[in-house]
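As recorded in TrEMBL:
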| type | residues | note |
| --- | --- | --- |
| BINDING | 86, 97, 196 | Zn(2+) 1 binding site |
| BINDING | 97, 132, 389 | Zn(2+) 2 binding site |
Ligand code: GLV
Ligand code: MN
Ligand code: MN
């Protein structure tokens, strides 16, 4: 079977999808901001559904807004092959993160249909709700619920920065019903595959078109609420201050120091947001909220970092008279890819004479949670300079085309079994 990926169609759809954005134009590249359940996100979903309908796929939306697009196999009683990713984008991001796995998954299905392939197992494309943690502070919201990793009650009670709950926001967006209906039974997918840009530099540096992901690193995130004593920036005397932002600065540096101290390249820690109250140049900060993202392929080592940070926090509190409250948002184990899918991907690459390497994903993906209910693997393609979560994120049409053709060929193999 000759599978022909239509790169013009796919490239123009990626461009069209990128136009659904709340980011101001950027000189650095195509800036995309698409936060879950904003009108922009909803318009992008409609765009995707229109394409999928045109491709003859059946649509199902669940209560949290995950969207399933199904190509029925000749034996619908068999567990399907799943693929997909996300279309939400963090503020001021690029146009390839997630979207390559969604529109690329659609293109893989269309290419298989156009090649005359009839799958025995159904093939399902899935667009996950809120892989990015931007709005509700926790990543992979859709896949956490699909895999039963997050309780429906906790999920519905999550709040955004306007104190609107997920329940309110999703209902307003047209996704109602109990979140307890979202969870998929274990083994729902026979095999699961996600195509994604690498978001790191290794494939490009080594001149390799494909990475086969063997494991996904374990992410954790925390919030820290610091409370000091604020007041007038001129009148409040220096020795009497309990400046919450100064304490936050020490906490941030403790994260950096303790992350580096593991000596492992796989330990990464980032404080990516800080909310300062009252946030005026002439007012001593009285309250600060920080969000910490901490990851490692080794969860015990990750845990040792947060423990060291906690010891520093105790010292910072004592020294500065600022109280620090820690809230765990999530601390997830890593995931391992399934040997059968990895072998199928290797065979596909070898047959097509495509060079590849096996590698670890240091970014998280919805596949981390799909791994809890199905055998998974991921396909990585190179992106320019390894850049991601920035407007200058770029993957060439050729790189995307190779990824889609590997995905299509692997799905064809797995769906025939
Ligand atoms: C996903 O976007 C991640 O932050 O790894
Ligand atoms: Mn991302
Ligand atoms: Mn992504």
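Note: Cβ is positioned from N, Cα and C throughout, glycine not excepted.
Annotations in TrEMBL come from automatic prediction, not curation.
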Determine, for the Zn(2+) 2 site, the additional residues of the same chain whose CB lies within 8 Å of the mean position of the CB atoms of 97, 132, 389; present them in sequence order. 89, 90, 93, 94, 98, 131, 388
List, in residue order, those binding-site residues out of 86, 97, 196 with a Cβ under 6 Å from any atom belonging to ligand 2. 97
Report, in whole Å, the straight Cα-to-Cα distance of residue 389 (Zn(2+) 2 binding site) from residue 196 (Zn(2+) 1 binding site). 13
Around the Zn(2+) 1 site recorded as 86, 97, 196, what other same-chain residues have a C-beta within 8 angstroms of the site's C-beta center? 85, 96, 98, 99, 100, 101, 131, 197, 365
Neighbour-count leader, CB within 10 A, binding-site residues: 97, 132: 97
Checking the binding-site residues 86, 196, 389 for other Cβ atoms within 10 Å of each Cβ, the smallest tally belongs to 389
